[in-house]
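A.B. asks: Have a look at this one before I ask anything.
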Amino acid sequence: MKLRLDPSTQSNYHDVSISKLDWHARIDFDQELLHGKVSFVIQSARVSQALSHIILDTSYLEIKNVTINDIPTPFRVDKRRGFLGSALHIVPADEIPSSKSCILTILYSTTKDCTALQFLKPEQTIGGKFPYVFSECQAIHARSFIPCQDTPSVKVPCTFKIRSKLPVIASGIPCGTANFCNGSLEYLFEQKNPIPSYLFCILSGDLASTNIGPRSSVYTEPGNLLACKYEFEHDMENFMEAAEQLTLPYCWTRYDFVILPPSFPYGGMENPNATFATPTLIAGDRSNVNVIAHELAHSWSGNLVTNESWQCFWLNEGMTVFLERKILGRLYGEPTRQFEAIIGWGELEESVKLLGEDSEYTKLIQNLEGRDPDDAFSTVPYEKGSNFLYEIERVIGGPSVFEPFLPFYFRKFAKSTVNEVKFKHALYEYFSPLGLASKLDSIDWDTWYHAPGMPPVKPHFDTTLADPCYKLAESWTNSAKNSDDPSKFSSKDIENWSAGQKSLFLDVVYEAVSFPHNYIKRMGDVYSFAESKNAELSFRFFKLALKSKYKPLYNTIAERVGSVGRMKFVRPIFRLLNEADRAFAIETFEKYKHFYHKICASQVEKDLGLSE
């Protein structure tokens, strides 16, 4: 197989093998910096070839000192290459024989331009008394707070020793504290399983925790703890047991969940032993717990078995969505799995429409040469990938035939990486002895992998739970087209509906027409979408209002989008606000841009055409 390099790294990871990473860091809340020392156990990755040159990824780092086996070693930091950052070149005084390992140590500090870290002032937190910092490394931001081979192709076991005046969380099992000094402690963590750089995480702030299962705790600010406990304790262990039944025994010892401040840019981030999640999950009625199923599924798909590069991101996210819905199906019935897939298909259609049917970013296998992986981020790898697996399952003979492949797959590639070629080979390896190779042959692999746009096959989903949503949406749409009086609609229309059904209703009416303003007002009044604590509902309704240019809600929408950093909600709202009232959109962004994480702010700037 021809060697394929990850275009999103400048490191020479095919030449340099890293077997262990030991990271010491001190958090400086006053200067909003991190001072670090990272040590790698390295050796040549080439058989019988000495190691003479080491290249690591960095971005906005101040490199202070480099040693190899404690001997000072010259280094050079290249000029920045845009989103790729600045390559760090290290040339040992003497070549390192292929049979010998050594310890490479780098002393450094982050800078104000660090894209992985967000420091929060006390007033930006729930408690309002202490500062806070958290990281977000996916896709290629780890290089901005630690020099590394910043590619998912490289996975290493790690130890973390982090000094802070506030409690710390990192991507490993806590091993205690040590060395109290000047009001701060060292917090120790160990990650025995090899992990890629995008799963490195750090968080420090005013934290409290409580158990939400026999192997799970939730961490958050004290003022939010009881709400988080209620939201997750009912489902956590049930999800873990269902996931293990589908895959392999959980190998990470503990699955802990961290609810972050509202500026966190994603729904969740599957950091091992410390899943980071948005507070928008806290709806008060456990209606967003499917995100737990998704992040938990990453323990196998993504964390245990990792996409080789961001060009085949679907192998992380598509498989994870597929597992997430399998878990929900096991616990709540197959119609629930099918219903979630219907919502996902609608989100995929919206993404393809936004990106363009011929866009490179609508392919399963994407060419990211010269492209920032953050720009490629959409629901495509999630939903197109999941639907591809759904189609393979259908072709091969259904769940009873396909599901036994899952533990085989995760066992085969455990603690390693996978690409689309290896994935396909694994399918043939498993199903050919069962006489099912011809079934796999019937799949149009090239179209699924490389064609842009919607999938070549649309699944036939069970619409039992969706039909009432379609019926009510049709009634609203027809009434609006006929200019009927909307007073006939009442809260009883959606009585006993799940949050998912309400979401689907809003998705369908959003795609149908731009509603008259009296219809938007009536919908808001009788269904209380704008006031909903479930952000999935309120932001869907806000999209509908903006599409219909319903100005009475503009200020409410601006306030809400300025209090939530989750890009799933923020970016669509700003795009629609830009279409409805560009001046107001820019004014709103300028008002709140320092609230957002840099990843989010950067993407919104591009959406609004404000970036250089």
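Glycine is treated like the rest: Cβ placed from N, Cα and C.
Straight from Swiss-Prot, here's the annotation block:
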type	residues	note
ACT_SITE	GLU295	active site, proton acceptor
ACT_SITE	TYR382	active site, proton donor
BINDING	GLU136, CYS137, GLN138, PRO265, TYR266, GLY267, GLY268, MET269, GLU270	substrate binding site
BINDING	HIS294, HIS298, GLU317	Zn(2+) binding site
A.B. asks: Once the chains shown are all counted, how many other Cβ atoms turn up within 10 Å of the Cβ of GLU270 (substrate binding site)?
C.D. replies: 25
A.B. asks: Using C-alpha atoms, which one of the recorded positions GLU136, GLN138, TYR266, GLU270, TYR382 comes nearest to HIS298 (Zn(2+) binding site)?
C.D. replies: GLU270
A.B. asks: Near GLN138 (substrate binding site), how many other Cβ atoms are within 10 Å of its Cβ?
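C.D. replies: I count 27 other Cβ atoms within 10 Å of it.
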A.B. asks: Can you give me the residues near the recorded substrate site, meaning same chain, not GLU136, CYS137, GLN138, PRO265, TYR266, GLY267, GLY268, MET269, GLU270 themselves, Cβ no more than 8 Å from the center of the site's Cβ atoms?
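C.D. replies: Apart from GLU136, CYS137, GLN138, PRO265, TYR266, GLY267, GLY268, MET269, GLU270, the close residues are PHE264, ASN271, PHE276.
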A.B. asks: Between GLU317 (Zn(2+) binding site) and GLU136 (substrate binding site), what is the CA-CA distance rounded to a whole number of Å?
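C.D. replies: It is 17 Å, counting Cα to Cα.
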A.B. asks: If I restrict to non-local contacts, at least six residues apart, and a C-beta distance under 8 angstroms, what lies near GLY268 (substrate binding site) in its own chain?
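C.D. replies: In sequence order, the residues whose Cβ lies under 8 Å from that of GLY268 (substrate binding site) (at least 6 apart) are THR275, PHE276, ALA277, THR278, LEU281, VAL291, HIS294, GLU295.
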A.B. asks: In the three-state scheme derived from DSSP, which category covers TYR266 (substrate binding site)?
C.D. replies: coil
A.B. asks: Around TYR382 (active site, proton donor), which residues of its chain at least 6 apart sit with Cβ under 8 Å of its Cβ?
C.D. replies: TRP314, GLU317, GLY318, THR320, VAL321, GLY344
A.B. asks: So if I draw a 10 Å sphere around the Cβ of HIS294 (Zn(2+) binding site), how many other Cβ atoms end up inside it?
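C.D. replies: The answer is 24.
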